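**Student:** Here's a structure for you.
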Amino acid sequence: MKKMSRNVLLQMEEEDDDDDGDIGDVPASRRPFLTPHTHLPSSLVLENLGQTIVPDLGSLESQHDFRTPEFEEFNGKPDSLFFNDGRRRIDFVLVYEDESRKETNKKGTNEKQRRKRQAYESNLICHGLQLEATRSVLDDKLVFVKVHAPWEVLCTYAEIMHIKLPLKPNDLKNRSSAFGTLNWFTKVLSVDESIIKPEQEFFTAPFEKNRMNDFYIVDRDAFFNPATRSRIVYFILSRVKYQVINNVSKFGINRLVNSGIYKAAFPLHDCKFRRQSEDPSCPNERYLLYREWAHPRSIYKKQPLDLIRKYYGEKIGIYFAWLGYYTQMLLLAAVVGVACFLYGYLNQDNCTWSKEVCHPDIGGKIIMCPQCDRLCPFWKLNITCESSKKLCIFDSFGTLVFAVFMGVWVTLFLEFWKRRQAELEYEWDTVELQQEEQARPEYEARCTHVVINEITQEEERIPFTAWGKCIRITLCASAVFFWILLIIASVIGIIVYRLSVFIVFSAKLPKNINGTDPIQKYLTPQTATSITASIISFIIIMILNTIYEKVAIMITNFELPRTQTDYENSLTMKMFLFQFVNYYSSCFYIAFFKGKFVGYPGDPVYWLGKYRNEECDPGGCLLELTTQLTIIMGGKAIWNNIQEVLLPWIMNLIGRFHRVSGSEKITPRWEQDYHLQPMGKLGLFYEYLEMIIQFGFVTLFVASFPLAPLLALVNNILEIRVDAWKLTTQFRRLVPEKAQDIGAWQPIMQGIAILAVVTNAMIIAFTSDMIPRLVYYWSFSVPPYGDHTSYTMEGYINNTLSIFKVADFKNKSKGNPYSDLGNHTTCRYRDFRYPPGHPQEYKHNIYYWHVIAAKLAFIIVMEHVIYSVKFFISYAIPDVSKRTKSKIQREKYLTQKLLHENHLKDMTKNMGVIAERMIEAVDNNLRPKSE
């Protein structure tokens, strides 16, 4: 067979008009075409490709000598997944708008786009793919190019991509469940096996063409499933060239779509989601997924993970496996959290210090000092009565128990997830995935520098030198650091807003409780400031998120990671670092900074020399932290659901409205899918990010909000079905991708788990009033410091509020025009200081130092205890179960044995043939002599 000497490429000297960056540009002489990362030399791979794929077409001397796809009319079969001949399966669909029918005056631009597309399609045909074009039924300007990969193409690229394929059926027996008595219960929750049949398990190995007889090939059409076929075709589409400008190659379907030459590129769904296909050969997997997974009536059932993986690929499957496992573990945390909440709720009437705040003879007679200068009035303690009652619910002994429990829970979750992930790696054949992952086309395009590999001592190409890499890393780190500073600046702006608006609320809101006005009981200046600041903070968070997402993608593209996994991990770290500061900074401020550095009324601390620092309620800032968490978690869940559900649904609804004139026409499968929404370049990245941010709220600040796991549980149950509904009904089918694990999200969760122990310990110690109450109960309620004969909480409020002499006010506060509660010589404030007239007046008293010592001791003890338990759990629970290890080793042994035996059989057979020929040759040589 005569091999083709070159591809069909457009040689253009004019300015390129479809540039969208540097992706896909490289000197043609310095970039080998389709040279994936493989153990074989690229020349051998290319030679093999030329012999197998490229037909005998001769040399094309003219750029107009294109091979074009066959044009066929729609055959009227809306459920067909094949070319018009009914034999060749559609593996991918490309959509473009016919330039000759465009309503535009840019004839030169249209002609350029047409020639680029023709060159690209011609090269696809030259590399073995088969194309068939069909005009749209509803819009004759649209053309759908259907792509089919023949058997030889699939085999060749399966070997290049190291795709694992079946060798023989798996004969390892599954161990019976230890919970056999609960089979009736698990059967109710499981998917009906008569509807979704379990997948047959096989021993697998990376495909090799020269060992094709070793593989389990019963039917060539079924050997490569649709997901694998689409993955192989996308690999080819991403690497085929279409243009050369000044010896620089342009290539890849992504670039063509971004520049508008193609409008879309996607694999097909196999049927409609509401009904089964009329084609008897269609497996109807989309219909089954909608019925048994995405439909609301299946909300209580387990997910059909094997079918999800088969239809959408391992990357989608591992996400839903992780999300389902996380949701299951949240059930235990939610039960304990609700129990702790109910404990606080039922015991709030026994809260002595809250009773003292609300008592008219105690809290009603305690006059508190103004919390700002000039405009803020003196106020009575009992106006915080309702907030102190609510605080009793969250600031209780149950909070401490729940914080310790969550420190252990998060470790159990991460360790058991590792085991589950290892099981999925074995079941889904991704144990050795890193060996088969290919370099990204964008990376290959930039490989212009030749270096010597230290391991193989062979030449290889890299995109930039070590110095260039250092420059890129420095620029990227600087950009990320700048955006983090921008977030911190926005947080400072929110703080300034709090300080400013608190003065206004203090002046405008009522100072006395009027029993006839229920609003006065709840809308205190502190509450109004907290709620409005939380809402504004949430809006700023959403705006900064939208901007930074684009910036993070630009920075990661500039970094140029080698593989898709490296790309996603790099983007993940940037996005999470930004989101961490964006979402959690306001919570950290309330928990650890607000009310901590305020001085005392006679000598307050000022922000920027102008704004007096915020103070907490007499009961602390815990309730405000709870409010902040509730608003951000609730608002984020509502906003995400609007983005994930309403927007795609509305866009599809608008599209159907515009197509209503042609609704009576029968449309083919590819046209129905084209009018669905594209998933987006980053796929499930934002789904992971949403859940990890939620994971941070559930673990980092759970000591202030024990109902957070319950809210997360309810949200996740809906999230699973919403994501499933979105994928199966509103979006085009994604290109299946391999994934071994959840990537960089695993170490991020481990980092959050470690930080959560510290944050919860510090929230209990510094944000809540639990430690001061315990110190008072055990030390200062009885002699020598107290007057009570037995341990009690009576007198706690009076003991924890220091006295200030009004005459000692500085000029800014003296003569306050709003001090209409009578003439008072003293007022109270929240701190532990000596009273006026004491030799050390306004200095911290002995109670303060006892409390500080107790807080530090509590943090040290709690951290060490939880970290010790976490370490023990991590050590006691192996990442891979013994059963899974045995199955992996057993499969590897049997696979090697099978391949070795087959190889020996082939060698024996070949040796036998050779021996027979040698004997025959010897006989032929000896016979004339004997004659």
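Even glycines carry a Cβ here, placed using N, Cα and C.
Bear in mind that TrEMBL entries carry predicted annotations, made automatically and left uncurated.
Pulled the feature table from TrEMBL, pasting it below:
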REGION    12-34  region 'Disordered'
COMPBIAS  12-23  compositional bias 'Acidic residues'
DOMAIN    82-305  domain 'Anoctamin dimerisation'
DOMAIN    308-891  domain 'Anoctamin transmembrane'
TRANSMEM  319-346  transmembrane segment
TRANSMEM  397-417  transmembrane segment
TRANSMEM  480-507  transmembrane segment
TRANSMEM  527-548  transmembrane segment
TRANSMEM  575-593  transmembrane segment
TRANSMEM  691-714  transmembrane segment
TRANSMEM  748-768  transmembrane segment
TRANSMEM  846-867  transmembrane segment
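Set these features in their place in the structure for me.
**Tutor:** Below 8 angstroms of C-beta separation, residues 322, 325-326, 329, 332-333, 336-337, 339-341, 343-344, 698-699, 702-704, 706, 709, 746, 749-750, 752-753, 756-757, 760-761, 763-764, 768, 770, 862, 865-866, 869-870, 873-874, 877, 879 of the same chain, each at least six residues beyond the ends of the transmembrane segment (397-417), sit close to that stretch.
Note on the transmembrane segment (527-548): residues 387, 483, 486-487, 490-491, 493-494, 497-498, 501-502, 505, 509, 575, 578-579, 582-583, 586, 624, 627-628, 631-632, 635-636, 639 of its chain, located 6 or more positions outside it, place their CB under 8 angstroms from a CB of the stretch.
Residues 480, 483-484, 487-488, 491, 494-495, 533-534, 537, 541, 544-545, 548-549, 552, 621, 624-625, 628-629, 632, 636, 685, 689, 692-693, 696-697, 700-701, 704, 744, 748, 759, 762-763, 766-767 of the same chain lie 6+ residues outside the transmembrane segment (575-593) yet bring a C-beta within less than 8 angstroms of a C-beta in it.
The list of residues near the transmembrane segment (691-714) in space but at least 6 beyond its ends in sequence, with Cβ under 8 angstroms from a Cβ of it, reads 323, 326-327, 330-331, 333-334, 336-338, 340-341, 344, 394, 398-400, 402-403, 406, 410, 576, 579-580, 583-584, 587, 591, 622, 625-626, 629-630, 632-634, 636-637, 745, 748-749, 752-753, 755-756, 759-760, 763-764, 767-768.
Long-range contacts of the transmembrane segment (748-768) within its own chain (CB-CB distance under 8 A, at least 6 residues past either end) are made by residues 395, 399-400, 403, 406-407, 410-411, 414, 572-573, 576, 590-592, 596, 620-622, 625, 692, 695-696, 699-704, 855-856, 858-859, 862-863, 866-867, 870.
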**Student:** Short question: which residues 6 or more past the ends of the transmembrane segment (846-867) have a Cβ under 8 Å from it?
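**Tutor:** Contacts of the transmembrane segment (846-867) (Cβ under 8 Å, skipping residues fewer than 6 from its ends): 403-404, 407-408, 757-758, 761-762, 764-766, 771-772, 774-776, 779-780, 785, 799-800, 831-833.
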**Student:** Return the average pLDDT for the domain 'Anoctamin dimerisation' (82-305) as a whole number.
**Tutor:** 83
